[in-house]
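Noted in TrEMBL for the protein shown:
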- 1-24: signal peptide (SIGNAL)
- 116-156: domain 'EGF-like' (DOMAIN)
- 157-195: domain 'EGF-like' (DOMAIN)
- 236-275: domain 'EGF-like' (DOMAIN)
């Protein structure tokens, strides 16, 4: 126990001697004093300036209802309801002295020389994630992607549309832009200019003809068609509905055109008119050898070659004579000549249709003309032209098909033959008139 006490006493004495020695020594020239700014005081233990808590050291630092809040280098007077969240005390880390580098900044020694440090490869740079680090001699640069420009440390998108790169429309997108064309155009190979699109070669919806124009196209129709409301489809024009005078008889509408047709017994003359077919000339009749073919409007008529009826006898083609020696011939015309004709329906009246001409006249004879029979309705009359001729006139419009048989008589009076009691004779023209069914 005694030895232990002596040991402790020795230690204590040694410490006290050291303290007295340290206190009794005056300050040397190597000691330094640091002056702190207002609000701070020097702390010899930490060898740093320490903040002064004015709220504790200054009596009534805040007046009235204000509350004192200390902060670094000063204090605040705030309402009592306020609160201040103090920042955490900085953690002091021991300073690590870096090894001596005899090379300039951005270089490092390698043997007896200095080589450039690749900060990009060592990730020893402060470029943003969107930026590209490019190493340079002794340093590095942060480069923005294409379409961006650097403002401070950030990369800002460049609005390329402000520079009118596109001919028509420009659409800006992050880091780039795109050009668009108006309808009817497409982008050229440079992706900026717009060229016309030939819609006609790309399947334009024209039903017939397509014409390309600048930026668009036009649909057109063939003759006989008209463009529909949609501007694409061609609809047939019904020409027959526009006029009743396109065809003489009947109009038939066809796709893109029309055609005229004629009734049976007629044929087209040109494209619109109808002409009667002369079956007697074409041989398209069925008359026998004892019959004569008479062409009429729209058809033909077969008549007997010898149409002389008793007491008349045939003396030549179409001519019959009543012999004077036959008592029955006394009150009948001496001769009858058969003639045939055809007229159209609805002729304008009065209309001259047939001229009567005497073939032989006795000297001194006076001739008159009349309708002997066949005109019970008074559709005709005779207009005498001179002593040897007269005109048969249609006085009323008639419609066919219809047939008239008129006996047109020429009465001759010859005073020079009165002594023979045979001064008056007559001859007749038996005219068969066929009225066609149409006005052509």
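Just so it is clear, glycine is given a Cβ too, placed from its N, Cα and C backbone atoms.
Under 8 Å from some Cβ of the domain 'EGF-like' (236-275) lie the Cβ atoms of residues 222-226, 297-299, 437-438, 440, all in the same chain and six or more residues away from its ends.
The average pLDDT computed over the domain 'EGF-like' (157-195) stands at 93. Assigned with DSSP, the residues of the domain 'EGF-like' (157-195) fall into helix, strand and coil as follows: 4 helix, 16 strand, 19 coil.
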